[in-house]
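This is the structure, below, for whatever I ask next.
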Amino acid sequence: MKRGCISVFTNGTDISLKNRSMLVEKLSNKGYEVRNDYSPADTELIICIGGDGALLRTVHSCNFPDCPIIGINTGHLGFFQEISPESLDDFISDYEQGEYSIQKLSTVKATVTTDNGRCESHLGLNEILIKGRHSYSIHLDISIGETPIERFSGDGLLVATPAGSTAYNYSLGGSIVDPRLKLLQVTPIAPMNTTAYRSFTSSILLPAELSLGVTPEHSDDVIYIVNDGIETEYSGVKKIGVTISDTHVRLMRFKNYDFWNKVKTKFL
Ligand code: NAP
């Protein structure tokens, strides 16, 4: 029987490529067409073999696809990754019987406008990082909604989604957030607190309807926007707006999935 198309991506390591070969053979035997690219028109499922970093790269290379994504963990941590290489047969059987749920993850969007009319948006599944060049500090006027809040000085600001709260955000002392909550977490990176500069030293949480406004104090400063590790350099930045985006990532989860059990096994 001819089935739908399944796209399989890997992080290119030997173990991931070995698992890809085994998986492709099993899926082909079941009648699926397996591809190494993604088409919004006919891909019904994306499989990513690797770690969390590989899943992030797959999401970006497929331009935040609408179809479900499942991760097979051959990486280190595996927060996004759902199944182990030993469970390929169980995964295919559960998939065919519809024994799964979809975890809809929210994403964060930064829109950058510059003096010369450049206006670009960047999406992050984990986070948007706003930082200066090399080890220079940056000075930013921060507003929440319409309210000016602070003049931030430090290494940068990280705006994390709940799904990204266990990544860079956690290393910076931010809180772990259950992905069922719809919020953004703004975590300062090495904020200065002197008589000259005053910044929040802890993370702040924003509800979905509020956006963060960021204006560099010196418009000729070089600013980097880093979405899930992808850097874009700007100068002459007039304004950066950061909001929860309408775009979602749909991760496939099976019956034993529990976010807090994952947190326990990965961190404690
Ligand atoms: P990388 O620097 O090669 O690896 C970053 C590490 O973060 C990997 O161990 C990765 O897990 C893990 N990770 C990614 N997303 C995660 C999540 N949602 N929850 C828990 N851990 C997660 O970079 P990369 O592989 O290209 O990934 C980009 C991400 O790295 C960024 O989005 C940022 O969050 C993170 N990062 C973290 C730090 C830090 O903690 N100091 C610094 C820079 C960037 P795997 O091993 O399973 O791939």
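Any Cβ shown, glycine's included, is placed from N, Cα and C.
Model, not experiment: these values are computed from the prediction.
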In TrEMBL, the NAD(+) site includes ASP52, GLY53, ARG57, ASN126, GLU127, ASP155, ALA163, THR166, ALA167, TYR168, ASN169, TYR170, SER171. Which of ALA41, ALA110, ALA190 does it also list there?
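So, going by the record in TrEMBL, that would be ALA190.
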Cβ atoms within 10 Å, counted per site: which of ASP52, GLU127 has the most, among these binding-site residues?
GLU127
Where the criterion is a Cβ under 6 Å from an atom of ligand 1, which of the binding-site residues ARG57, ASN169, SER171 meet it?
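Among ARG57, ASN169, SER171, near ligand 1: SER171.
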